[in-house]
Each structure stands twice: as structure tokens, then as C-alpha cells.
Amino acid sequence: MWSGDRSAAAGSGGAVVTVAFTNARDCFLRLPRRLVAQLHLLQNQAIEVTWDRQPTYLSWVEGRHFNDQGENVAEINRQVGQKLGLCSGEQVFLRPCSHVVSCQQVEVEPLSADDWEILELHAVSLEQHLLDQIRIVFPKAVVPIWVDQQTYIFIQIVALMPAVPYGRLETNTELLIQPKTRQAKENTFPKAGDAHGQFRSYGQEQKGMSKELQTKQLHMNTEGIPGSNETDPKVPSDSSWKAHWWTMLGSMFSLGPDNRQATSWGSSEISVFKTMQSQDVPLDSVFRVCRVQPPSVRDTPATSVFHKHCTVHVFPWDQEYFDVEPSFTVTYGKLVKLCSPKQQQGKTKQSVMSPEKEKHPLESPNHKQIGSDHTEEAGEACVLKVVWNGLEELKNTTKFTKSIEPLHLGKVWIPDDLRKRLNVEMHAVVRITPLETTPKIPRSLKLQPRENLPEDVSEDDVRTGFSSWLQQSATTMLPLVISKEERIKLGIKDGLKEFSLSVVHCQEREKGRGETAFVLSAVLLRKISVQVLLEPMIREENSEEIDFLLPFLKLNSLGGVNSLGVSAMEHITHSLLGRPLSRQLMSLVAGLRNGALLVTGGKGSGKSTLAKAICQEACDGLDAHVEIVDCKALRGKRLESIQKALEVAFSEAAWRQPSVILLDDLDFIAGLPTVPEQEHSPEAVQSQRLAHALKDMIKELVSVGSLIALIATSQSQCCLQPLLVSAQGIHTFQCVQHIQPPNQEQRCEILQNVVKNKLGCNINKSSDIDLQRIAKETEGFVARDFTVLVDRAIHSHLSRQPVSTREELTLTTSDFHKALHGFLPASLRNVNLHKPRDLGWDKIGGLHEVRQILMDTIQLPAKYPELFANLPIRQRTGILLYGPPGTGKTLLAGVVARESGMNFISIKGPELLSKYIGASEQAVRDVFTRAQAAKPCILFFDEFESIAPRRGHDNTGVTDRVVNQLLTQLDGVEGLQGVYVLAATSRPDLIDPALLRPGRLDKCVYCPPPDQVSRLEILNVLSASLPLAGDVDLQHMASVTESFTGADLKALLYNAQLEALQGRLLPGGLHDGGSSSDSDLSLSSMVFLNHSSGSDDSAADGESGLDQSLVSLEMSEILPDESKFNMYRLYFGSSYESELGNGTSSDLSSQCPSAPSSVTQDFPAAPGKEPLFTQHPMFRTPSQEGYQELTQEQRDQLKAEISIIKGRYQSQSGEDESLSQPGPIKTSFAISQAHLMTALAHTRPSISEEEEKDFAELYENFQNPKKRKNPSGTVFRPGQKVTLA
């Protein structure tokens, strides 16, 4: 039973655990993760273990494969537990020690003579693995030390310095070992103070020879055993050492004659090699070449084993291991590169496939492990040193694997020079196998430079440099093992030169063609002849770069997409298990199980650049391989070719995992058809089949647990096949990032980064650029537009001021203004924008309240966006204009678009409707997409009642679906940003009421017929450019035009203008032919009425229409003589002109009375009267039936009459010279009051009194629904469709 005090201590800073024995080959106490967190333990922290005996102190590790049964269980090696007096199942109390002292010196003693002999024979192994087995020691402790997999010895801790109850072994701790011989006596052991052995730190070179025979102690070094075993004459003879020497001498004579010299010469090096090769390391393992140098290698001194010649470093996948202190094992092995699927495919194309390979075609690398039956080695194997970091972790990986084994056992880092020499690219796969044969000792070496040497370099300089290099690269405890030919770099004349080191003769002749390795050391070099050649050897130049460097920008160099980039990078990091938290929590959903990333955005929005920047960050930060598939380039190819390209990319990514696959512009090969008519086209069928194939590839990678992340780009999520974006089944894309059009702040960032990337300078340092002003003027621009804009600005600057270097180029705001002139952004290309007429608010008469509402709702927010952006409530963006026809609704929409400076898109209602299911809704979506792309934009729907009637009244259901789509677009979740919706109708009662609720078209503005004051304003506006006579009284005209709308007043002025034209051109027709009312030539009979009930209303076209007619009248006065025949055609047709020789019939055929452009349509001839001629000649064009050729008498008569008309016309209009001179309209051509009254007599209002009453009642009921007559008296017929909206 635990006492009360101990229970209290357990609750405050300790824990009670149950001891369980294991077969682990170390002295660490293994604790479950929950207990580690409970005790707040730190790395290398000591733990006090207390039970019924004296407390002991142990070091701890976390049990990675711990079997937690719900209680605190601490595992420890059986031999350690028994020596401490523990029993399996016994309960002990654990308490973390707050402070641990590092030991400077530790004195130990083997427990028996057998232990001493075993320790003496396995000194090298113990030096390399001692710290892997024990870290915390305390006096009088007896601990086991393992020298191999099955053998262990016991040592006792004698004393610690400084004298502390417990301490920690460090890499620089000196370890004094007292030898224990079989005939040892008490007086034969020296004191601890006289010992010379020490335990040196990692990376330190040996500085002196050992004197272990003199002191009877072992001199241990963490990097190797002593460099030689030289004897001292002062060493006393000992029977045990004599027996040792006799035994070694007998073994020498027992060997063959060829092995005697090898035993006496280089025996220590061969012995060390065999000891190192006896280490328990993974055999024939596959590793992935990593890019980043691990911190454990980067932080070590340059003299350590990590930086020796031909040394590779193996690490486990867990990157957390890089943060702990390095404990490594060094062995010798062979490294060979394995061909990837793409490289194997390239070799297959270059050579003819053998019959064996035809039977076994290339397989996908998604298998459990790599075997020699389906992999191909690239190049010859290279002999090198292998530094195993985290060996226990690597062993656990092979031992505790899941049902599906990983492709690679771990990572291997190869120095750049060695990697390039072996032609191994980044993220390649290599196989490391142990060196099975014993290395031989060379007799002769040859050194030859691979580059030109300075002239003053001699052979002695090369030999000196080689000797220095060999002393740094090899010691007796860690000899250098090389292949038959190596490339080394020697320091010659204060510079590094590359040499080729080759073995000319070896001590033993090769038997067969087996693998050959040679051992070198500074001691062996004394008896090896070195041949030096100063002439450089001829080598093949290989200028190709084996590493493919991604030429992409990083996320911090883009601008405007920082939040999107961070979010997308978080998804990729979790998918590739790039963080400790990801490895702990998301190991079951790694790779594509976490879903793919979809980046969407419009054309030129930068989605491909963002995706490539994410790939660049993943390559740099996560050491991921990147495979890019340009789907746009695959469009139009055969299905088999596209599928093969995708399979190669996926296989390559699986081979080099962790990897990132980028499918750029995926909608080009796996997208939906643009129009419903193409749903069953061959392209659509192929796109659907490719989507199925892509889905199958992803499922296969998910099933084998590949560490692959997938990124795809598309214009929108709806553009892809439903199989890839369906909400049912497996979600392919679980992270969707949409790039919105940039706001002003984002445009500043984009512009700043584009200039910085192109010019290499920071734009903030230039005070000549006003970024805020340029960003405000580039509304609607996307990333690609800014790239083109900067190019145009640079071109503008260079054309103005040439520079010689890029640093001298300094852009200014004026350069950007010149670049913006005439530049159309990509978002506005292929967008049907309707340019409003050049009219302002001053060109509108009346409608003051309506104008003010439009200004407050649309114009002011467009001019002051920052002010309105701070409003807490969402501002109004939809307005419905309703009123009788001709009251100026269309005119208001155009004027507000021009005054606000926004883009203008006008939609006629019926043009959105289609007979195909879904086409009408798609047309509505496309319209709003166009408006979003062109924002700030005004979207104007004319004849709105035709596309948005009440639901339930359409037998086909087309308009019902259109209304539903409009409701979604007007008041969706995202809302409209920068798009204002205007709708015009004369029948608001027919519109679905759901569209008129707040948040949609929430403001209904009534455009009433003009009263007398408004009519006077309209007449003043319309007649501003007309030549009015002094007797014109517009006030009187406004009073006598009751019920006239703006369109009617426009028609009135048209007719008055034509009356003035008749009096100007044909004044005799009003007097010679009788009264004007009886004359058929009177142009007053051509009245212009506005009977349309649609949107060509009001002065929207009136002002410009009058201006155009005035221009035609002005031109009639200044026409040249050739154009005067248009008047003759008014009466005689074009055939007479041909007869007079004024043009061929082909040239004048377009001017015949039947042609649309004929002037006779505007001024029709009067067939019944002939006031200007004494005779009535009837002539027809040659194309008309009944044509007769004119006689000479008829021609003479016509010429005489034409001359009379010409003389009368010239006398009225003045000299011919004045006709060719442009000038203002003459005062003789003026619209008088009589012309207005004559036109009024033939002009009637477009809306009758009865229709006006109906409209008034209709609008009254619409504005006040509660005042409707008999609101509940409606009788429904059986089968009638109604709506509850």
C-alpha cells in the first residue's frame, strides 16, 4: 500500500505505474504518451524511480508502439529491471527530476573478465552505440550494454565527476574503464586518477596515440577506436596479453600465403570494416532523395563523419527526428539509382524491347514494395559510407508496418557534388544495399586531373594535397572505402581542383566480375605508390542540368491572394503530413484521402499562377515533387493519348512521393459543354469518359495510401463534369478556392508586385507613382491586365526616355496613364457592352423625383465608394422603373449609366428565353457573370414583364425557371458586388411579386406622364438644337399637348421639322397647286406617331434623332451638284439619271425607289398631282414591268423642265459656291409656330384617354394593394394555374 504522503506527491508531480519487462536492447524506461504529457517530461530528462528500495534514476523515451490497457504501464528491459531488483508487475512511483548535471568524467568497471574481453573486442561498436543505450547513470548502478543483437555485458558505475547522485552522459563525457583480467589482483588496478582513457565527443579527430597496453585500459572514442596498436617497451608482460599475441600469431600462420600480408598490413582497417558491417541495418532498402539538408547534418562541424568523402545520410520519414541529438550508425554500402516510370518509358522508346520485357510490361509503382523484377537500375553502383540516423525508427518502420507497406523506407540526403556525379536528380529513388565483399588493399593509385591545372603545379603538390585530403577523409577507425574509380577534389595552390582517383593494381587479384571495393587510410598510404599525371583527362561535357527547377513565383510575390494562398497551402500541408500535428491527427486521411484542391477564377484572374506558386511553396517547404499537366495543350487529342499522359503523371508522382500534381485548366478536357445542344457531341462524350478515368486514378492512389496532393484549376466549379464535383459519393475536391475580382487595395498589391517582379525594384521607393490613383482607375482589372499594363507603361517610358539598364528604369504615373489610354481589360473583352448616348441630366425634362432617387441609389455610391462602404446596412442595388409607354424609362437608364461612369449592359427580355431545358437559366447566369466581369456595371432589363411573369401561368415552365434563377442571382448568398440592376416595364402587375421584395428589386419608381410644366421642360430640351422662329410659343404648345408623353412631343417636333423642310425646298407646291390640305405633295401628311407600347419611349432617341435629321437637312443645302439628282429621283426615279449620263445603272441601282437607302422613301413623290410640270411624265426603272424607252422629244422636254427646277432652286438657295461651304443653319430655315400647329393637327397622343385611365387605375392598385376593388372577389376557374407568390 502506498502511504498518504506518497499519494499526495503523486497527485502533485508524480505518477504510480506498473513495471512491465520487455526485450528492448537499451536501459531506457518506456512511457506511454499520456503519462509523458501528465508529467510534463522533457527530452533527456531524468526520472526518479522509487519503491521499497533505495531510489534509482533512469532515462526515458516515449513508447511509439505502446499497448495501452487503460492503466499507466512503464516498460523496461528485463536485465535492467532484474539488476535494479524490480519484478514484472510491481508498482513503482515516478517523479521527474528538475535538474540533471552533465557528467564530465565517469569511471566504470566491467562486472567480470568475460565482460572486459568482450568489451575490448567490440570497442568500436560500443563507441558508436553507447549513447543510444543509456544516458542517465548513478553510482553503484549495474547496467547491461549490448555489443550486438544477441550479446551484452554488464558494467558497474564506480564514480561520477562532479560527484552528484545522478548525471547524464554527453558526447564530450570522458569514460574511464578499469580493465578486469582473469588473474587480476587488487594491486594491479591503477587508480581512477591515473587513467588515461576518455570518451570523446562527436566530430573530434584523434590527436594522440593510445597507451592502453601501458595503463591496461581501453581508450574509447565516439568516432572510432585508436589509430594504431603500437606497443610501448615499458609495458609489463602479462600472461593474458601474451596469450592474446600468441593467438593472433597462430591465426596469421593459419592463413594462406596470399592473406599473410593482408593480415599484417591493413588488418586494423579490415577489422574495423567487418565490425561496422556487422551492424543490424535494413538490407536492400529503397529511399527517396530529399532536397533539404537535415539540421543534424547542417549543424555539425565540418570535420565530423557527416561531411566525409562519399557519405550519404539516411533518415526516417518523421521530420521530428531531425530536432533531437544525432545518434547514428556508420556502415558501408552500395547505392544505385532506380529508373522512374517516365525514365523507363524514355528508355523503351530508344531501344527495342526484349522478349522478356514484352511479357512483363511496365507496371504502375502503386505496389507494396519495389522489387528487382519490375524496376530498372540506372547506372553502376557506387561504394560509399552510409550514415544511419534514427536506426531504431527505421527498424520500427519495417517491423510495425500496416497492411500496405510504404513505397520508400525513408529519406536519403546525398551531397550535391556526389549526387551530380552519380547523375541522381532530386526526389529520385535509390536502392542501398550492404557491401558484402571484404575490401581489398590497393598497391598502386593513379591521380589525373579532370580540369586544367596551373603551370606551376608539380607532382609533389598533387601528392601533398592527396595526403591531406586522405587524412581528413579517413582514419584508422573509419577507413575510406572506394570503388575502382572515384572523383575527388584536392586543394591545390589555394584552390580546389577535381581529380580522378583510380586503382591500378590491388593486393589481391579479382576473381570473376563481382563487386570490387578498396580500403584506404593515411597509414596504408605509406606503402601505396601514387602515380600522378598532370595532363587533364578528356571527359565528356554534360551541360544538362539534372535538377528541374520550378520557374514559378512564390506566394509573397503575387499580391491580392494572400488569404487564398495561405488557406490552400494549409490544405496541401495537411495532405502531405508536413507538420507534426498533421502526422499525429491526419495520418489516416493523408494524401488524396484529404481531398483535392480546386482553384477557380475567370480568365486572367491568376488561378494558374496561384496554383503554381502553391506548388513552388510545397516544393521548397515540404520537399514535394511537382508534376504539371497542361490540360489546355491536351485538348483536341485522342482519348488514349490524354489518358496516357495522365497515367504517366500520376505514376511519376507516386514514384517520387510525397508529390503534388497540378492539372492546369482541367475544364478544357473534363468540362461541361457550353451549350445544351452539344451535350451528346463527341467532345462531350470524351470529356465524360476522361472524368471517369481521372476518378479511377484518384481512387487507386487513395487505396494504396499514396502521399500525393492534387491541385486543379478551372474557370468555375460548374464548368467541370458533375462526376468530379458531385455532392454525392466521394468528394474529389474538398477544398475550393475562388479568386474574386480584386478590390482597390488588392489591385495596389498586385500592381506593386508586378512592377517588382519585372523591374526587380520596390515600387514603394518611387515617389512618382500614385498607386491609389492607378488602382482607382483600373476598376475591373484582373492580374493578367496588370501584367500587360506594366508592359505598356514600360514601353511608354522607353519611347519617351531610353535607358541602358533595368535599374535606371523608373516608372511614373504619367506612364501608366498613357498605358491606360485605349487599353481594354480582359474582363470587358467579348462582353456586349452598350454605350449609352451622350446625354446628361440636363437633357431630361421633368421626372425630378425619379432622377433624385437614381442619383442617390446609383450615382453617389459609384462616385464615393469608400464612404458608402462604411455603411452598416447593405445598400440598395435593384430598382424597377414603371410607367406608361413613352415616359422616359429607357432614357433614365442610359443617362444614369453615363453620369455614374459605369459600364452598361442592356437586355431585351425575350432574348434570354430558349426552348431548351436549362438554356434560359444558363442565359440568365451568363448575363450576371458578364455584369460581374464588367463591374462596376448597370444591368438593365427592358420589357421585364416578358421574362419575369407570375409563376404558374406558363404552360412550358420556362419563365418559371427563369424567375427562380433571377431570384437566386438577385438575392443569393454571395450577393451582387458592384452590379446595379435596373428594370423597366409598363405592366408591373404582371411581374412575379417575389422579385419586388426587399433585397431584390426593392425600390419601385413610378415614371408618370408629364404635366404641363414637365412638357414645357421636355420641349425646351428637345428644341434646344432646333432653329426656332421668333413666333414660337413653347408655353402654348405645352398647354395644348395634354396627354402627350415625351415620345409624343418628340414626334411632334419631327413633324414640325418636316413641315419646315417642305416650305424650304418646295415653296411653290403650297401656292401653285392649291391649298396645303389638298396638295398630295404636302409633307405634313407624313405624320410620325409613337404607337409602340415598348421601350423606345421618350426622348431617349428623340434628342439624337432630331440631331441626325438636322444634320441631313444641313447636308441637303451643301450637297454638290451630283447629289442634287436625289431630288430628281424624288419625282422621276433613278432610270432617268442613267439616261442623262450621270451614272451607270449599276452605280445608281442602290438609289432606286425600291432600295432601302433611297431618298424617295423619306420624300415620296405624289403620283396624283403635278404642280411643277405642265405634263405628267410617267417613267419606271428598267427592273419594273412596262418599261419603255424615252424618245428624243420626251428627253428634250424633260431637260427643259429640269432646268426650270434647277434655276428656281438656285435662286432661292443662293450661289452654288455657297452650297459647298459648311456653316450654321440659315435663318430662312426655321420652325415657326405655324409649322408646330400644322404638325399638331396631324399628331395625336400615343395613349388615348381610355388607356390613360386604365394605366392610372393599374398603377394605383399596384402602389396601394389594399385599395384594390374587390380584392377577394376573384373567381377561379377549374384547372386554372395560380401562384401564391
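Even glycines carry a Cβ here, placed using N, Cα and C.
What Swiss-Prot records for this protein:
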- 601-608, 883-890: ATP binding site (BINDING)
- 344-353: compositional bias 'Polar residues' (COMPBIAS)
- 1142-1161: compositional bias 'Polar residues' (COMPBIAS)
- Ser354: phosphoserine (MOD_RES)
- Ser1183: phosphoserine (MOD_RES)
- Ser1211: phosphoserine (MOD_RES)
- Ser1213: phosphoserine (MOD_RES)
- 344-373: region 'Disordered' (REGION)
- 1142-1162: region 'Disordered' (REGION)
- 1262-1285: region 'Disordered' (REGION)
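On the structure: features taken from Swiss-Prot.
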residue	record	Cβ contacts under 8 Å, 6 or more apart
Gly601	ATP binding site	Lys607, Thr713, Gln715, His738, Ile739, Gln740
Lys603	ATP binding site	Gln715, Val782, Arg784, Ala826, Ser827
Ser605	ATP binding site	Ile739, Pro741, Val782, Ala783, Arg784
Gly883	ATP binding site	Lys889, Ser986, Tyr1006, Cys1007, Pro1008, Pro1009, Tyr1259
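The number of other CB atoms found within 10 A of the CB of Pro885 (ATP binding site), across every protein chain shown, is 23. When other Cβ atoms within 10 Å of the Cβ of Lys607 (ATP binding site) are tallied across all protein chains shown, the result is 26. Around Thr887 (ATP binding site), taking its Cβ as the centre, 28 other Cβ atoms fall within 10 Å, counting all chains. Its Cβ placed at the centre, Lys889 (ATP binding site) has 28 other Cβ atoms within 10 Å.
Lys607 (ATP binding site) falls within a helical segment according to DSSP. Secondary structure at Lys889 (ATP binding site), as computed by DSSP, is helix.
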